[in-house]
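Some notes on the structure that comes next.
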Amino acid sequence: MSEKYPSTNSYYSEKNGGHPNGDYPMETFSGEDDDRTTDFTSDENKDRGNWSGRMDFLLSCLGYAVGLGNVWRFPYLCYKNGGAAFFIPYCIMLGIVGIPIFFLELSLGQFTSRGIFNCWQFAPMFKGIGVAMFIVSLLVGIYYNMIVGWSIYYLCASFTSKLPWSECGDWSSEWCSENVKDLNATQCVAPLTYNDTTTVCYNGSTVYGVVDTTVAETFGMKKIIPSEDYMNRAVLGTAFSEGIHDLGPLNWRLCLCLLGAWLIVFFSLIKGIKSSGKVVYFTALFPYVVLIILLGWGLTLDGYFDGIRFYILEADLNKLKEAQVWKDAAVQIFFSLSASWGGLITLASYNRFHNDCLRDSLIVSIGNCLTSFFAGFVIFSYLGFLAKELGTTVAKVATSGPGLAFVVYPDAVTRMPVSPLWAILFFIMLITLGLDSQFAMLETLTTAVIDQWPDALRKRKSFVIGGFSLIMFGLGLPMCTNGGIYILELMDTYSGGWNVLIIALAECISIAWIYGFTRFREDIRTMIGNFGCNCFPWTCCSFWWIGCWAILTPLGVLFILFFSWIEYKPITSGDYIYPVWAEAIGWCMTLSVVLGLFVTMFVMFCITPGSFMERMSYLTNPTREWGPALVQHRRKIKHVPGFVVDPSSDSTPYDDQYPNKEFGGSYPATNYNDIQVDVDNGVTNTAYEP
């Protein structure tokens, strides 16, 4: 049914927004939306759903970005690369690499309201970016939850009056520090046996003591603190494995902890963002409560200032001349924000269309970096205390990665009053840090699949989440063996390394140079208006983002890639050198991500009909479906030639004969008296010009 309305700058649709009598809200042809207030009482997108509140999304993004690396990697990098001087390259890389990629992904996800498989319809050739992101999130999600499982194990072990790793126990080795005495040569007499070469004293075949620890360490013989021995023997069983080729039996305790971690993830996501959006109020905020409590206590410990001075106060500006420092800053920024893994696009796809994604990008990016900085004070106050207790330097106890979380810090808390309390708080913090990231990775996988086959899967989302959880739990079981940590470190090194940088480079090229940064700028303006973040006009500040996406960010990513390849070294784990076949498996994981990108491009080219130029034209231009998910928002798009207001109907796209001069085309003036409006479908059959 069609009607001709009188000349007006508004048209009405019973189905999609408006009636002249005021029974429905009106949609105007204006590209600017005067009323950008957001109603959270109901979903804007009835099919997909939306976040129930603005803070749900913000905290989910913050929880996804702030992960274990903020606590166990950044402080170590800071002291290693010149202390406070490290913040200069860190902040520069944040500005030209971190925030631009973060903002790009949030904008793309929010504009399209689609997952990582279907948000690339501005140039279908680049659908492979989504496939590559899917593979990265799958690989990382498999091993990341194992770290959460370790934290659950330690948390359960902490509910005791005396922490089990506070002293050597039945599980300890002969080199556990309390089992090895400090001697001089005159004390090692019969029936003891003294080895002049290693300076080790034996009681039969058992180590009794060491005369010169420095000499003994050159032969690989050194004391092991109880917390390290506990981790290697009682928890992981690494001491009973010779390497990745010797996995050994499954550890049923670790299996239960891994199962527990996956059950938490499953039940937190069982209703999608509606349930996870509430869980993050605890999981995203609790780590800050714990960090503040730990810092307050840490500043009362003897030796805390030595640690903080070592961490930040001894600035070495000469370090800025070293390319390695800049590379470390760029890598830490990039991976700390979890950019190009697909999670940011997925989380933003559940936003309401007019959410201020620029504001959220700045809040989360800067908040993530400040969290890393703050966590450094917490960690190094305890490392300073531990160094004082052991009579050594901070440099000798400072480390990063799992060794910091499961060896150094657990040892520090055993030397504090009410040590189980501090251990419980710390491991709950690790669990919540890991879960937030795991939530986003699993949501990325499930959303991508459901958006690809919505009719079959959307109403069965709980089963999809359960299926992914079960499969990934099964794939993670090999990490519950004695040699499981070797698998975990292999996956950690090769799953999300330089291959993610290639994804980021492809994102910048596809948006800035294929789709066009001026079009993308107008897409963002349609969402956030001309005063995003309530600060500078978007018309002005957009030039900075255009410069980053088109030039600065790709150059920064290429810089990281270049040094990553030049400085590549075969993977090791302490003194253990991985066999060639294991390294080959690692490279297969890396290349699977790259192949996911380029093979999909090739397949898309092959299945597209037409000549070479016709295929390239189709694959590098927006499809009929490109744009916002809802018709009421698609009506605002007037800067994309050939844009279709309602892809589900037979509506005619805006006239391609008149390319808009600013965006690649210009539309003729339209007499609104002649606009034909289909009241049932809410679409026009002619182009319009407000």
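A Cβ is built for glycine as well, from the same backbone N, Cα and C atoms used for every other residue.
These numbers come from a predicted model, not from an experiment.
Out of CYS156, CYS176, the record in TrEMBL bonds CYS168 through a disulfide to CYS176. When each of 250-270, 279-299, 463-488, 500-517 is scored by its Cβ pairs under 8 Å to the transmembrane segment (421-442), the top-ranked stretch turns out to be 279-299. Ranked by the number of CB pairs under 8 Å to the transmembrane segment (57-75), the listed stretches 279-299, 463-488, 538-564, 584-607 are led by 279-299. Contact check: the transmembrane segment (463-488) against the transmembrane segment (329-350) gives fewer than three Cβ pairs closer than 8 Å, residues 6 or more apart, which falls short of the contact criterion. Long-range contacts of the transmembrane segment (87-108) within the same chain: residues 61, 65, 78, 119, 320, 325-326, 329-330, 332-334, 336-337, 339-340, 344-345, 347-348, 357-358, 360-362, 364-366, 369, 373, 504, 507-508, 511, 520, 523-524, 527, 545, 548-549, 552-553, 556-557, 560, each at least 6 residues beyond the stretch ends and with a Cβ under 8 Å from a Cβ of the stretch. Cα distances from CYS168 (disulfide bond) to the binding-site residues VAL66, SER336, LEU433, SER437 are smallest for LEU433. Same-chain residues that are not part of GLY63, ALA65, VAL66, ASN70, SER336, ASN368, LEU433, ASP436, SER437 yet have a Cβ within 8 Å of the Cβ center of the Na(+) site turn out to be LEU62, TYR64, GLY67, GLY69, SER338, THR371. Residue density at SER437 (Na(+) binding site): 26 other Cβ atoms are found within 10 A of its Cβ, drawing on all protein chains shown. CYS176 (disulfide bond) sits 35 Å from VAL66 (Na(+) binding site), taking the CA atoms of both as reference points.
Local packing around the recorded positions GLY63, CYS168, CYS176, SER336 was summarised as the count of other Cβ atoms within 10 Å of each Cβ; on this measure the leading residue is GLY63.
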